[in-house]
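Below is one structure, written out as structure tokens; comments come after it.
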Amino acid sequence: MENSGLLALPLNAATIVPEGAILLALLSSLLVDLAGEKTASRWVPPICYAGLGSALILLASQWNSTLSPSFLGAFLADNLAIAFRAIIATSTLFSLMISWRYVERSGAPMGEYAAILLAATLGAMFLCGSTDLVSIFVSLETLSVSSYLLAGYMKQDARSSEAALKYLLVGSATAAVFLYGASLLYGLTGGSTNLDAVALALQSSDTPVAALALVFVLATVAFKIAAVPFHQWTPDVYEGAPTPIVAFLSVGSKTAGFALALRLLVGCFESFDIQWKFLFSLLAILSMVLGNIVALSQTSMKRMLAYSSIGQAGFVMIGLVCGTEDGFAAMILYLATYLFMNMGAFACVILFSIRTGSDLIADYAGLYQKDPLVTIGLSLCLLSLGGIPPMLGFFGKIYLFFAGWADHQYLLVVTGLITSVVSIYYYISVIRMMVVIEPKEASDVVKSYAAVNWNIPGLNPLRVALLVCVIVTGIGGIFSNPLFQWANSAVAGTPILQKVIVTALGTTGTIS
């Protein structure tokens, strides 16, 4: 009877047409790559742009559409899934634009590289709308395995291979932990993997088994978003992996992790609301404090941005813990703003690395004299990450802090404010080094800085990505209110979030 009920559900394949466009670009990239590197370098970029651009247009056309489960109840294209999938697709688009020159210099096959990155994108996008434990695991592993391959893609670099091995070992352990937690949830439901059935079973189950399943699920989510103490892989992987891949992991993979948190923790563990929010609050505080304090002592730009991303995850977790409409909306808004400011920062780091081969913060000394564009772009993105007004990041943080304060999350908000000040210190230290130091005090690397030449193949897409990210980061604060309304619309069009919000309002009304 259960099988006949499942078969009665529609496939509704139209909901994953955006992913279909990306899959078509993936297969086309592999086919073009067979024709030789010269042909691939000419055709792979436009193929990827067409696939990702089509996916974004198709996602926009699905906004506020009628909700119906897809693939026997394993996927749901609600507004939450659409918003997160759009952020991930955009992060991949920027990652590819800042990748081409980097890949050409390394001599790696361009079509193969693009195909693996698009595969990771597919895994992340499917994860955002998965409503079944099996589809969640398959999506999670698609994202993870592709990420392992990308982290170790520069085989001639020992640090890249080391990063891939560490990422693989920790990621494999996390996959085992999730599988064990999923098996416990499967047992509690009496044999169903659908998240609605899991949520229903957990409402009437306060057993230690359910609590253990919560711990395993929370550990999986914490690993994907690089929250303390599940962050150990992050600095080493960020430092050793190719920089464009680090940019994708810091935005695309993290966004998928927060989508997973909303689907599982908010959607399924409503009866354990107090417990998981307490644990997540603890992780948020640890992430904000450790991420920003350890970043102070870093000498590598990529390691500094790695610890910065740990702290940024802590800020986003404030919105998740709130469990209110404003909290969820602020969380989505901040992830969208983080996309532009972080991608802009990594674009500048890649440009500097291409021209100097260095990743040391000290080597940025006096850069303004030789490369004003990289200096101004990196400065604006770092100021935005620090939450300096009127940058886009300031409005993202202020919405998060307002939502936290309104929900009486005073400790989280105060911790966020203090650690934001700490982050401003190390961001401004980099800016001061680039701008204030006299030409005679510039680093040896900057003194021998190569002349800026944008006619080199692969640099023009990087420049476009850099300019777009910097412009949006610099003046995007003007449009923060429409962005917040978009985020509110995403929350309003997501049934699992509305259910939690209504329940919270009812509880508040009862208490008052």
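Every residue gets a Cβ built from N, Cα and C, even glycine.
Annotation source Swiss-Prot lists transmembrane segment at 6-26 (among others), citing sequence analysis.
Feature annotation from Swiss-Prot assigns transmembrane segment to 43-63 (among others).
Sequence annotations record features per position, and here Swiss-Prot assigns transmembrane segment to 107-127 (among others).
The transmembrane segment annotation in Swiss-Prot covers 168-188 (among others). Taking Cβ pairs closer than 8 Å, the transmembrane segment (168-188) reaches residues 133, 136-137, 140-141, 144, 147-148, 198, 201-202, 205, 207, 209-210, 212-217, 219-220, 223-224, 230, 232-233, 268 in its own chain, all 6 or more past its ends.
According to Swiss-Prot, the feature transmembrane segment maps to 210-230 (among others), an assignment based on sequence analysis.
Per Swiss-Prot, transmembrane segment is recorded for 242-262 (among others).
Look at Swiss-Prot and you will find 276-296 (among others) tagged as transmembrane segment.
Outside the transmembrane segment (304-324), and at least 6 residues removed from its termini, the chain residues within Cβ reach (under 8 Å) are 225-228, 231, 234-235, 237-239, 246, 250, 254, 258, 261-262, 265-266, 273, 277, 280-281, 283-292, 294-295, 298, 330-332, 334-335, 338, 342, 345-346, 349, 361, 385, 397, 400-401, 403-404, 406-407, 409, 412-413, 416, 419-420, 423, 426, 430, 500-501, 504. Under the heading transmembrane segment, Swiss-Prot lists 304-324 (among others).
The transmembrane segment annotation in Swiss-Prot covers 332-352 (among others), and the record cites sequence analysis as its basis.
What Swiss-Prot records for 376-396 (among others) is transmembrane segment. The list of residues near the transmembrane segment (376-396) in space but at least 6 beyond its ends in sequence, with Cβ under 8 angstroms from a Cβ of it, reads 308, 312, 330, 333-334, 336-338, 340-342, 344-345, 347-349, 420, 423-424, 427-428, 430-431, 434-435, 466-467, 469-470, 472-474, 476-478, 480.
Outside the transmembrane segment (411-431), and at least 6 residues removed from its termini, the chain residues within Cβ reach (under 8 Å) are 281, 284-285, 288-289, 291-293, 295-296, 298, 301, 304, 308, 311, 314-315, 318, 321, 361, 364, 378-379, 382-383, 385-388, 397, 400-401, 404-405. Summarising the annotation, Swiss-Prot assigns transmembrane segment to 411-431 (among others).
What Swiss-Prot lists as transmembrane segment is 464-484 (among others).
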Contact between the transmembrane segment (107-127) and the transmembrane segment (242-262) (at least 3 Cβ pairs under 8 Å, separation 6+): yes
Tertiary contacts of the transmembrane segment (242-262) (same chain, 6+ residues out, Cβ under 8 Å): 80-81, 84, 87-88, 91-92, 94-96, 98-99, 102-103, 106, 117, 120-121, 123-125, 127-128, 136, 140, 143, 147, 150-151, 153-154, 160, 220-221, 223-226, 302, 305-306, 309, 313, 316, 320, 328, 331, 335, 338-339, 342-343, 346-347, 349-350, 353, 496-497
Selection from 43-63, 276-296, 464-484, the stretch that has most Cβ pairs under 8 A to the transmembrane segment (332-352): 464-484
